[in-house]
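What TrEMBL says about this protein:
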DOMAIN    10-191  domain 'Thiamine phosphate synthase/TenI'
BINDING   Q40, L41, R42, A43, K44, N72, S111, K140  4-amino-2-methyl-5-(diphosphooxymethyl)pyrimidine binding site
BINDING   D73, D92  Mg(2+) binding site
Amino acid sequence: MKPSLASARLYAILDLGYVSEPKLEEVARELLEGGADLLQLRAKGYGESDIEGFCRRVLPICREFGVPLIVNDFAKVAAAIGADGVHIGQEDGSLEDVRAIVGEEMIVGRSTHSPEQAHAAQVEGFDYIGFGPLFPTPTKQGRPGIGLENVRPVESTMGSQLPVFCIGGIQRRNLAEVLAAGARRMVIVSDLLTASSIVQATRSVKEQVADR
Ligand code: TZP
Ligand code: MG
């Protein structure tokens, strides 16, 4: 059965741009101990077989914590290893293409960069969206920040039917501002992965986004 995202608030990403490959298990465990509700494996520049290997290492840890594992970009890997979902960008094809690979029981999420794209993803039937980058970020270079002004309109028009995870440049130091702009769910990558204590950083964000 497809895991429910209704109570998911904090989505963490195990991004190989920040995590050295031998530390994958250790960092996955820290993010989950800190209370991440979803975990994505994102490994830009790696091929399918490497990514499959990384995901196979992380999947048992996600299972132990009861947290869904989402594979970035590689629907075939998600299907092959029995992950919980796949995340695709605007250029990665249609939901129908991905469903043909992963079936109906897997979570499929889409990156969106404007209210129009967010709406289109909802109409198409994605299970959740990433909405951003709110601020310019080195983690996703070459994209301007879309700002905070669209967060509340998107969250209030579609957030009750489609989980909207704000993303991009969100850090502990601007979290209050992002929450005040209407965000209820978020993805944080570099600020958690570069924290001196990943567990504590994750826990402190989770406490602030819980129950919203
Ligand atoms: N998509 C939009 S922004 C982004 C992705 C993958 C990166 C977010 O990373 P960070 O480090 O939290 O800004
Ligand atoms: Mg992609």
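Cβ atoms here come from the backbone N, Cα and C positions, even for glycine.
Listed binding-site residues near D73 (Mg(2+) binding site): K44 (candidates K44, S111, K140; Cα-Cα distance within 10 Å). The maximal spread of the 4-amino-2-methyl-5-(diphosphooxymethyl)pyrimidine binding site, taken as the longest Cα to Cα distance among Q40, L41, R42, A43, K44, N72, S111, K140, is 16 Å. K140 (4-amino-2-methyl-5-(diphosphooxymethyl)pyrimidine binding site) falls within a strand segment according to DSSP.
Sparsest Cβ environment among the binding-site residues R42, K44, K140 (other Cβ atoms counted within 10 Å): K44. Taking a Cβ distance under 6 Å to any atom of ligand 1 as the criterion, the binding-site residues L41, N72, D92, K140 reduce to K140.
Cα-Cα distance from N72 (4-amino-2-methyl-5-(diphosphooxymethyl)pyrimidine binding site) to D92 (Mg(2+) binding site): 11 Å (rounded to the nearest whole number). Taking a C-beta cut-off of under 8 Å and a sequence gap of six or more, L41 (4-amino-2-methyl-5-(diphosphooxymethyl)pyrimidine binding site) has these contacts in its own chain: I13, L14, I51, F54, C55, V58, L69, I70, V71, N72. Under 6 Å, Cβ to nearest atom of ligand 2: this is the test, and of the binding-site residues K44, D73, D92, K140 it is passed by D73, D92. Separating the Cα atoms of S111 (4-amino-2-methyl-5-(diphosphooxymethyl)pyrimidine binding site) and D92 (Mg(2+) binding site) is a whole-number distance of 10 Å.
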